[in-house]
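These come from TrEMBL:
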- 69-95: region 'Disordered' (REGION)
- 104-191: domain 'Polysaccharide export protein N-terminal' (DOMAIN)
- 197-275: domain 'SLBB' (DOMAIN)
- 341-428: domain 'SLBB' (DOMAIN)
- 432-452: domain 'Outer-membrane lipoprotein Wza C-terminal' (DOMAIN)
Amino acid sequence: MRHLTKLCGLGLIFIAFAGCDVVLRSPQVTAGVDDAAKVRVRPITAETVMQANLTPYTPRALPQAFSMTAGGSGQARSIPNLPEAPALPETRPDSLQLRLPPAATPEPYRIGISDVILLSTPQTGSTIEELSGLLAAENSRQGYTVQNGGTINVPNIGRVQIAGLTISEAEDVLFQALLENQIDPTFSLEIAEFNSQKVSVGGAVGKPTVIPVKLTPVYLDEALAAAGGITVEDQDYASVRLFRDGELYQIPLRELYSDRGLYRTRLVDGDAIFVDTEYDLRQAQDFFEQSIRRTTAEQQLVETALTKLSTQVSIRRAELEERRANFEARQEYGAEKRDYAYVTGEVRRQTRFALPYEQSASLTDALFDQAGGIEFKEGDVSQIYVLRAASDPREFGAITAWNLDARNAAALAVGASFELRPNDIIFVASQPITRWNRTISQLLPTLSVISTGATLSE
């Protein structure tokens, strides 16, 4: 009976303690208005997450040193000047213009240097004896070559100037020379080899050649035929170019074919004919020479440029690493401002969660990062809260408690979409049984002392 009385007394004491402020009070989130704040509890659902995420926030940016590479500082490096890039030749002219040379004045052939002439006489005894040298030369087909001075050397007569003279004029000069030397002036003069006057033909022809100008005029069609004809695939942009006395003339190939009269363009000594296609060979030569010069210059600069670049990269990398190290050191000592959220309640490790740079963090990130997750034995998964103070000064002191009920584990996926803001408080409430157990564990020492005292008093 006495023992029963003691148990009843201890029970009354326990009830009394449980009803007063002596026992442990676990934190809870209670909606309403009290002395601390005005609390509004709202559930976290797929719809309310979008509303919560509307709270303005721009994540802090990392220093520029973390986004730069050692390849450069944004300024162009100075490099040696290279030869200009070769200009591409114009392969498609707008149109080819017809530019004809002035009509050549018909003139008789004039003997020139390197021409070979032949002298012939009637076959009489005295004449043969007197002109044995001439007949021997004619019979040997050697003739007389006009020397650089414009003369020929006739035996028993000497040098006779005939360069620049027509055949008729040359015969007159030789006739007078024979008379002066008392030689029978019965003879004939003819040109055996025409070597002094020439027309050259090149370009897109079968066989570039040099054509001698003889007693009869030389025309364009004859010169082209002697060179093997024109070998051009695209006639639209091909032309026959004629260089005469320092002037360049041009006959488009299509016009040449359509107007046969152009073929009868008379050529004169010194004319140069060039059948030009759409690609200018002189420009092509310049193009390749310039390309070679530029390539050579670039090759000579490669090793120097690479060495310089390597040095610049090394210096830049060291500079960036030093800046990053300084930032990390300042951050370690709290000298850099940082945004945080706070995790408390029934988690494995209550912590201050640093919001990441340049991106947002979610509720799930904070719970399962440094906090280590929820203590499922003690924590009430139906009462996971994000406590967020109102940003509007007109609602000073108001707090929204965003409640995530994770009794269905699928709700954690919604928590992964809930973005955290600076100074958010993440709170996981205790299980009811956890609060009861903690109350009992705190009361047991006191009850034990009371029971011991009662026993001793007896």
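Using N, Cα and C of the backbone, Cβ positions are placed for all residues, glycine too.
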DSSP-derived helix, strand and coil totals, residue by residue, for the domain 'SLBB' (341-428): 14 helix, 35 strand, 39 coil
DSSP-derived helix, strand and coil totals, residue by residue, for the domain 'SLBB' (197-275): 18 helix, 32 strand, 29 coil
Segment confidence, the domain 'Polysaccharide export protein N-terminal' (104-191), expressed as mean pLDDT: 79
